[in-house]
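All remarks here apply to the structure that follows.
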Amino acid sequence: MDLRELEKDNTGRCRLSSPVPAVCLKEPCVLGVDEAGRGPVLGPMVYAVCYCPLSRLADLEALKVADSKTLTENERERLFAKMEEEGDSVGWALDILSPNLISTSMLGRVKYNLNSLSHDTAAGLIRHALDQGVKVTQVFVDTVGMPETYQARLQQRFPGMEVTVRAKADSLFPVVSAASIFAKVARDQAVKNWQFVESLQDLDSDYGSGYPNDPKTKAWLRKHVDPVFGFPQFVRFSWSTAQAILEKEAEDVTWEDSAEEDPEGPGRITSYFLSQGPQAGRPQAPHRYFQERGLEAASSL
């Protein structure tokens, strides 16, 4: 899977899609929707759709696609390659949502929760397939939240097709299983080849599963937290695990209208212009925020 577009800019969202098979422009098609990476504190969330003509659905089923969570990485890669070989009848599209986009959406002044973000992303991919001319007549979706509410919302948005939303749809409907494989393969590749915009000293790529309860993931977060600027953009800083580490490891902030604090308390931000931070083990060079803006410590005004 070619993720070069994501690697150019992984700070927002990236949509990728296959060429539309000619048969999908002519015959009624079934489309499945699923995601990978909803729960981890690290890396992107990937939504995927897979579609094929109803007349060729048996060919997709014959590949023995299954819920990506039940497959090994090698099995997912093999099935992905098989579906790519079926490019004359199988199409796909992805929306890759960066950790930065997820966190800023959830913590913005106008709250945009993860369920709403998921629903809108799924609907956007269905609309994308329709705009490309795919003759979608049936849609199957793995639910986020209450399936009845989600199904009614999608059915209202796409009245010209039959919409089915189910829990564990990725294990019930082959076209959703196929979408789950596309999503998981893309996320795994994105995480493995993540381009860090930060200059991290002693970058450790062994961050475990990325899930909040993984000890390796927690250790990686503690190792790579910056005392002033927080986490690299690889981290979903809106997750409670990340926030708890920030509260413990990062510097406190004293606002101008706050009460006087102990002078031995929070570190001074000017100390981070210097070659040596106020605490042992901190980065030796000024943070990239200062370097990119050509900022230096001023000894006098």
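Cβ from N, Cα, C; glycine included.
According to TrEMBL:
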type: BINDING; residues: D34, E35, D142; note: divalent metal cation binding site
type: COMPBIAS; residues: 250-264; note: compositional bias 'Acidic residues'
type: DOMAIN; residues: 28-251; note: domain 'RNase H type-2'
type: REGION; residues: 250-288; note: region 'Disordered'
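Counting other Cβ atoms within 10 Å of each Cβ, the lowest count among the binding-site residues E35, D142 belongs to E35. A C-beta separation below 8 Å, combined with a sequence spacing of at least six in one chain, links D34 (divalent metal cation binding site) to Y47, A48, S68, V141, D142, A169, D170, V176, S177, A179, S180, A183. Computed over the domain 'RNase H type-2' (28-251), the whole-number mean pLDDT of the model equals 93.
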